[in-house]
């Protein structure tokens, strides 16, 4: 079920009413109801893969308890590895099997051993990268004794499959989300209203910004060989807005939906395109994933508090693995490596934590220096997005080299319409306005109440007038 | 909780009328840049406005044709008139079965045909009915009756276009509208047909191999239409009009569709099913088609002679 579908528009209010009016009295019943609707939400896409989530949850539930019960370190480790291998095994098979066999065959072909790759027609279960990482964080945290093992299977299964963030994050840590399943939840008007605002803003980002940008982006990337330099630049910039609108829109809807059910999820994006360097960008982009890799991969490897050489290696590992997490394609690996290349100079010069505040804090406009820093960071990001969006590394390289062809006419039949520019402008202005806050359209400061409603109605009208309504899947579903 | 729900309901209560008025006003204004999701287009590409206007004036015909552009661009009433049959073509652009069901129920009684020719191009079964709804909402005399269809197709641009058509209807915009009989290469011919004499360009469009996935809503409407025609005791012939052989062969599951339609014949629900793509008609791409989907006038003449022979028996019965 997609957030931008009519099915969800029925599913959400019905679930909401049943949750608060029928199942409110008993926490267990409420959790069981959440589990049931989460499985329904996921099963709407393909019910066969429900067994994967259920199996993953079961293994981790048992592993967590056994880790806690075990007296010896070796036994604890054994159950941790059972959990990790099960989760990574599923992920490896469903997501990377064909990539590895094909790459292996290519390698043999390169050394003159002709062979055909053995590939399977494997369907990638939606959201597998998200929920496996979420559930793995639980067993790792139990192993590290950062949390107690969960005794209530319903609460645990509901945590793993919690529908708002099941298929595209935020990847919640058990320490943050699981305890919320254990306490009685009371509906708060403020939380509900914030949730609705987030859903509205997320929908705007998805159907107006992302899906409209996608129309032009698809055209440019499909015909990059005939597109002019100007069109190629525009294509990359539009893709930057598309992927941000799409993914952060999903996160906003997920966080907003969770709020309606009395849950607080972590912030996943904090206006990343206003970053002044790449280190700041990565502190603001897909925060739940980057902090996951930081806590479970980078720091165990030694992080940056090791020798320079090792720190460089660790940084490369983290970015390349992060790229590979996105998909079984060399384009994602190059995208990750390129970001590591952007990041390394800052690390080596000790400037990677230089910009930890918000740009132009307590000021309306940035100064020229900040403007230059934001512009150049955005430019570098767009360049990396070309690899992320292209079908192959060769295509991406060819795309980039064609940008410099100095041909700046408009060759393609399709052009982005004026309203897309108009909506992007509104989007950027709102984002700039809320760069200090956790989420958009927190407009309580608008004293004249009617102005709030003007904002809500304005957004709804923009969605109705300019939204692209072909129920396009969210990009991150494929990851 | 109650405060939250009440506020939400109040918001909706005010928003829905504001939205409707806003969409209607945008439609009536000349602010074309705001009409991205208001697809209203009176006249459209297939002369539906003129066709429906004509349908409102005629009665008691011999043959009623239903279907997509393969029907209204492929079956010429003049060929049948020469043989003494009165034919009316109620096809429309990308007409999906959802729209066919509506049109049949609206016009059957008035047109009172002896036989129905139902053109069933497989791709229409995967259609969501969006394009044809837009055409119908923009050109049908009373769009109020289309609410059920709008709900069935269920998308924001469909609702917007329907709202626009209601405003158009309320402001009587159709009264002063005169659709041109000749639009570029298209000439509207009395009886619902659109004639095109053009021949195929040298550059044949690139065709992708495809499998038609069935949309259940289309199947429901198709079956409902057949059932309705059965109830009215109107003999029905299912036909597939010829498309270029290259185009036809690109459809992977064409045999499955043949079996699907033949089952209706076996079940006595329709009189016959004839797929003219399997009939080896003497049609040549460059001489008889103007694109991979549509016959030009020379092609229509050839095809209609064969069609006439097949239909004659059923009409005379």
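Residue numbers in this text run from 1 along the chain shown.
Placed from the backbone N, Cα and C atoms, the Cβ positions cover glycine too.
According to TrEMBL, the feature transmembrane segment maps to residues A:118-140, out of the candidate ranges A:49-71, A:118-140. Taking TrEMBL as the reference, the stretch among A:275-293, A:332-350, A:351-369 described by the feature transmembrane segment is residues A:332-350. Looking up the ranges A:295-310, A:311-326 in TrEMBL, the one annotated as transmembrane segment turns out to be A:311-326. For the transmembrane segment (A:6-22), the list of distant contacts is 30, 33-34, 37, 40-41, 44, 187, 257, 260-261: same-chain residues at least six beyond its ends, Cβ to Cβ under 8 Å. For the transmembrane segment (A:408-430), same-chain residues at least 6 beyond its ends with a Cβ under 8 Å from one of its own Cβ atoms are 201, 204-205, 208-209, 212-213, 215-216, 219-220, 223, 226-231, 234, 238, 241, 245, 440-441, 462, 466. Counting Cβ pairs under 8 Å that are 6 or more residues apart, the transmembrane segment (A:332-350) and the transmembrane segment (A:29-45) reach fewer than 3 and are not in contact. Listed as Cβ neighbours of the transmembrane segment (A:450-469) (distance under 8 Å, sequence separation of 6 or more from its ends, same chain) are residues 4, 197, 200-201, 203-204, 207-208, 211-212, 214-215, 419-420, 423, 426, 441, 443.
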